[in-house]
Amino acid sequence: MKKVLLGFAAFTLSLSLAACSSNDSEKVSTEKETPQASTDVEKKTEQKESTKEKTADKSKEKDKKELVDVTLDRAVDGDTIKVTYNGNVDTVRYLLIDTPETKKPNSCVQPYGEDASKRNKELVNSGKLQLEFDKGDRRDKYGRLLAYVYVDGKSVQETLLKEGLARVAYVYEPNTKYIDQFKKDEQEAKSEKLSIWSKNGYVTDRGFNGCVKEKTTAVKKATTSKPAATQPTTPKASSETSTTTEKEASSETTGGTETFKNCTELRKKYPNGVPSSHPAYQSKMDRDHDNYACER
């Protein structure tokens, strides 16, 4: 009987020890797995935070402006100015926008072109002038600087777009830093039908349609009256005759236009050069393509 009881006790003790061993094993296993799960969660959290930080850094980098101080020489038209940059006078073509023409050779004055030119002149003369370059080429094929223009920290391009005096155009990667904002500004003016957007079909993907008749007439009147000043009169003295002969040798006047052999001859009569609307203007003498020939 004692042997039976002892055997039963031994069996019971064996079962108890096995159960304890199983519980301890599960406990150890759980303890091992729990830190791993916690580590995975922490890693995912860190990755999300890292992604957010990178996105924020990219946004800050995009918004960062490296502005360069320049001095205004003069406004050319609605989307072009001349400035002194690095000690030289340079032509600046505004990035990502286009305004109606006023001085393009062999082209008429387009509606709202004069308005855009006038507004641009007002803006660039109103405060501290600065330029911002994009990632791509800083000059176009004509040698003009390509830049975003600011006056007292405010974008001139955005102002012209918001007022309906310019359209978004000439979009070439990678010079597209502000394309999204510019399109919003353009849409704002378009929705309100401001200036260039007030005429259906006036703005196209290639530019603008139509000419200003009144401006064309004014130019014709100015050109037809010009030859009268160069008509030879009866010489009163030998010096006057000599001057007339010199003018005839350096230029030819035909049908309201004046033709000079080169800029040297042209400057004898027009020391500061002539704009594209002038009878003596020739595109071959406009080397920087700013619609002004033989300027000093």
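Glycine too: its Cβ is placed from the backbone N, Cα and C atoms.
These figures come from a predicted structure and were not determined experimentally.
Sequence annotations record features per position, and here Swiss-Prot assigns signal peptide to 1-19 based on sequence analysis.
Feature annotation from Swiss-Prot assigns N-palmitoyl cysteine to CYS20; the stated evidence is sequence analysis.
The annotation S-diacylglycerol cysteine is assigned in Swiss-Prot to CYS20.
Residues or ranges marked as region 'Disordered' in Swiss-Prot: 20-65 (among others).
If you look up Swiss-Prot, you'll see ASP79, ASP98, THR99 marked as Ca(2+) binding site, on the strength of sequence analysis. Under DSSP, ASP98 (Ca(2+) binding site) is assigned to a strand (E or B) in the three-state scheme.
As annotated by Swiss-Prot, active site applies to ARG93 (among others). DSSP assigns ARG93 (active site) to a strand in the three-state reduction. Non-local neighbourhood of ARG93 (active site): ASP79, THR80, ASP140, ARG144, LEU145, LEU146, ALA147, each in the same chain, at least six residues away, with C-beta under 8 Å from its C-beta.
Sequence annotations record features per position, and here Swiss-Prot assigns active site to GLU101 (among others). Neighbours of GLU101 (active site), defined as other CB atoms within 10 A of its CB across all chains, total 21.
Summarising the annotation, Swiss-Prot assigns active site to ARG144 (among others). When Cβ atoms from all protein chains are considered, those within 10 Å of ARG144 (active site) total 18, not counting its own.
What Swiss-Prot lists as region 'Disordered' is 218-296 (among others).
Marked as compositional bias 'Low complexity' by Swiss-Prot: 219-244.
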Excluding ASP79, ASP98, THR99 themselves, the Ca(2+) site's Cβ centre has within 8 Å the residues ASP77, GLY78, THR80, TYR94, ILE97, PRO100, ALA116, LEU160, ALA166, ARG167, ALA169
Do you know which of the binding-site residues ASP79, ASP98 has the most other C-beta atoms within 10 angstroms of its C-beta?
-> ASP79
Using all protein chains in view, find how many other C-beta atoms are within 10 Å of the C-beta of THR99 (Ca(2+) binding site).
-> 27
